[in-house]
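Asks: I have a structure I would like to understand better, so I am pasting it below and will then ask my questions one at a time.
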């Protein structure tokens, strides 16, 4: 008879056997990818579906005599920050690699979203030898204005890192994005895939050879917006892990070993990549029985134990409504990223029929899946507010999101420029945004499950590319496994 102190972790409160109807995950998946069209910078194609957006940033890079058009605006502003953009690209690519077979026609839409970013990241990496461009736009000037990206007249300052002003973090994240995406395109566009991988190797070598945090090199241009708070070791591990998966080159195995263990976080985000790297590297230990990566398998499981609510080592708070609550500012970014890791590690466990322990609790794959599903469902409307935090999904969703293009009249409605200050009248109104940024996931409710839906409350009402990117994988998983 089993010890009374040893029990199977069932997460009964979060069981899949629930009393509510599951959301339409397939619809949410489609809309989560459509969102990226609303964030596009550059010349828009003829098949642009969010028609209220127009081409913008067509001279980006000109101040440095290079072409840096394209890519994505990170959130509700008109700045291109490559650090979170590259993470967005890596997570979209990981979603496609792990769940592509479950995505149906959305796999091609995912590739389109990825390529919009990688075309730009390639420009940033290849435009000037010995230099990596890492952003366009003056965030301090941009944030003082409320204007459409099509009209922006704030400085389009170009930022870069180099051997004398290093940025191992942003370089390694860029390498991760290029390496991960190279696998996405390996069969459908081999030539493009080879270019991505070759560039990833060069950028990763740059990150390794010239050590330093980009926050120190660029200071107020990236801080406090996207400071590298966790340092750059996590990105070196993350980047090397992706190069290893893309190449299987022993060089990256040895480099990963040289880095040793890392922090034991209870978070995963555009800044802190440790948990993501652990899960990615654990894949080799779980699926291939590769002892070189057993350390990271243990680290991945320690991370899961910090997330599961009834685990003895849990350090994660949950709202009364069941939502993970990590930090007040844009909490859903952590929810979607962690949910991706839960779903993906459970996938690895299921394929090999593995379990692990959190103290005396035996963790089975469905414990992770049940928690993942609860988070996905909460975001999609199964919550105390009965509100979907994905714009345009269901009838009750955020109507006043903190997003310049969405909140201002489109060019079709008002062709003349509003100027830097002309848009603040729209910013201050209680009217719903005139343009629906379909699929955007906002920062989310507070710790009391409350969401005021106020445009000036950017910590809760601002969407961001990295919130959506991590959500694509879990949506694809549940869309494919949902019972009719």
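Cβ atoms here come from the backbone N, Cα and C positions, even for glycine.
According to Swiss-Prot, the protein carries these features:
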SIGNAL    1-21  signal peptide
ACT_SITE  77  active site, nucleophile
CARBOHYD  370  N-linked glycosylation site
ACT_SITE  402  active site
ACT_SITE  453  active site
ACT_SITE  462  active site
Asks: Here are some active-site residues: 77, 453, 462. Which one has the most Cβ atoms within 10 Å of its Cβ?
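Replies: When each Cβ's neighbours within 10 Å are tallied, 77 leads.
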Asks: Spatially, and counting Cα to Cα, which of the recorded positions is closest to residue 462 (active site)? Options: 77, 370, 402, 453.
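Replies: Of the recorded positions 77, 370, 402, 453, 402 has its Cα closest to that of residue 462 (active site).
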Asks: Say you check the Cα of residue 77 (active site, nucleophile) against those of the recorded positions 370, 402, 453; which is nearest?
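Replies: Nearest by Cα distance to residue 77 (active site, nucleophile): 402.
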Asks: Can you tell me the CA-to-CA distance separating residue 402 (active site) and residue 453 (active site), as a whole number of Å?
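Replies: Here the two Cα atoms are 9 Å apart.
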Asks: C-alpha of residue 453 (active site) to C-alpha of residue 370 (N-linked glycosylation site): distance in Å?
Replies: 29
Asks: Residue 402 (active site) has how many other Cβ neighbours within 10 Å of its own Cβ?
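Replies: Taking all protein chains shown, residue 402 (active site) has 24 Cβ neighbours within 10 Å.
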Asks: Specify the count of other C-beta atoms within 10 Å of the C-beta of residue 370 (N-linked glycosylation site).
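Replies: I count 23 other Cβ atoms within 10 Å of it.
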